[in-house]
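Notes for the one structure printed next.
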Amino acid sequence: SVGFKAGVKDYRLTYYTPEYETLATDILAAFRVTPQPGVPPEEAGAAVAAESSTGTWTTVWTDGLTSLDRYKGRCYHIEPVAGEENQYIAYVAYPLDLFEEGSVTNMFTSIVGNVFGFKALRALRLEDLRIPPAYSKTFQGPPHGIQVERDKLNKYGRPLLGCTIKPKLGLSAKNYGRAVYECLRGGLDFTKDDENVNSQPFMRWRDRFLFCTEAIYKAQAETGEIKGHYLNATAGTSEEMIKRAVCARELGVPIVMHDYLTGGFTANTSLAHYCRDNGLLLHIHRAMHAVIDRQRNHGIHFRVLAKALRMSGGDHIHSGTVVGKLEGERDVTLGFVDLLRDDFIEKDRSRGIYFTQDWVSMPGVLPVASGGIHVWHMPALTEIFGDDSVLQFG
């Protein structure tokens, strides 16, 4: 019969297309899908493709007013996960037109906005994204990148050294600045505000900025090296964040810092643009990442959050330490460290890289090894991360 038929249809009739040849402009996603008992994997994979693109739970007459073939996400391949019962990797291709240019926020809202609460799925994890050059070229990316940072700092052929000022909460601004001076004078390249140092009653941000700047200039004068302190510009509103970055620029310091997940991608991208326009380096902390990436079978893998940060913009990002953890984790960590630093990364499933990623000429991000590391870890850290990294102690 011709005409419109309402009713609930299986997603796989429309959204599971194993014969589909992916386009060079498609955004590709690899999801780890755990279907509910009785739900076939093809239906679960198609449901993800539908709900994160053009589909809804039923057919509506307005579907006829657009071209689904042009705009729908497609689940084009499904494979079982070795060694896991009832787990599959579903590959989904999204047409480029579904996404706003230069917006990580919109990309995530589309791809992971709704599907994770889906009834047909017991659990869902976004393992990897392939960002085509046609899309990544709409982003500024890191404010400066690895090479420009080395030129600004005049430090080459070695990892950069930093430490976080402790106790992280409770010091007055003056004593905080004193600790910054001692660390920088003693030979570190950078000191760091802790991620939860914003502007608390015992130390308001402007006081901290002034005393830290004094410490930087004093240490620079005495050592003849360029020094920096990651001044945390993260704030309760985007306007306040930019205000703090403006103050840092006026004080003439080299680098500011942002918590990109708690602060949000929109704020982070604004800050990255400001930093490039004004010659500030941008250090990114990943506070809250484990809420999103820790579960093996649900959430978003950190390599996706790392790719998103490279697009949104940051010159440093915390990326784990590898030291003392499992060997397998080492390969996976090195996988996303390469995704942060290199121009072109080959698909390599043993390192968790599901797609070949071509960043073309987008600047790289320095990985920051941070969290529970001390001097005895140095040989392992330099072997794992090589020269292009920041070793952040404390």
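For all residues, glycine too, the Cβ spot is worked out from N, Cα and C.
It should be emphasised that the depicted structure is a prediction, and the values quoted were computed from it without experimental measurement.
Annotated N6,N6,N6-trimethyllysine per Swiss-Prot: K5, in sequence order, evidence recorded as similarity to another entry.
Under the heading substrate binding site, Swiss-Prot lists N114, T164, K168, R286, H318, S370. Annotation for T164 (substrate binding site): spatial neighbours T191, K192, D193, D194, S370, Q392, F393, G394, criterion Cβ-Cβ under 8 Å with sequence separation of six or more.
Long-range Cβ neighbours of K166 (active site, proton acceptor) (same chain, at least 6 residues apart, Cβ-Cβ under 8 Å): D194, G394. Annotated active site, proton acceptor per Swiss-Prot: K166 (among others), in sequence order.
In the three-state DSSP scheme, K192 (N6-carboxylysine) falls into the strand class. Feature annotation from Swiss-Prot assigns N6-carboxylysine to K192; the stated evidence is sequence analysis.
If you look up Swiss-Prot, you'll see K192, D194, E195 marked as Mg(2+) binding site, on the strength of sequence analysis.
According to Swiss-Prot, the feature active site, proton acceptor maps to H285 (among others), an assignment based on similarity to another entry. H285 (active site, proton acceptor) falls within a strand segment according to DSSP. Sequence-distant neighbours of H285 (active site, proton acceptor) (same chain, 6+ residues apart, CB-CB distance under 8 A): E195, N232, M257, H258, D259, Y260, I317, H318.
For K325, the entry in Swiss-Prot reads site 'Transition state stabilizer', with the evidence type similarity to another entry.
When the recorded positions K168, K192, R286, H318 are compared by the number of other CB atoms within 10 angstroms of each CB, K168 has the fewest. It is N114, among the binding-site residues N114, S370, whose Cβ has the fewest other Cβ atoms within 10 Å in the structure shown.
Under DSSP, K168 (substrate binding site) is assigned to coil, being neither helix nor strand in the three-state scheme.
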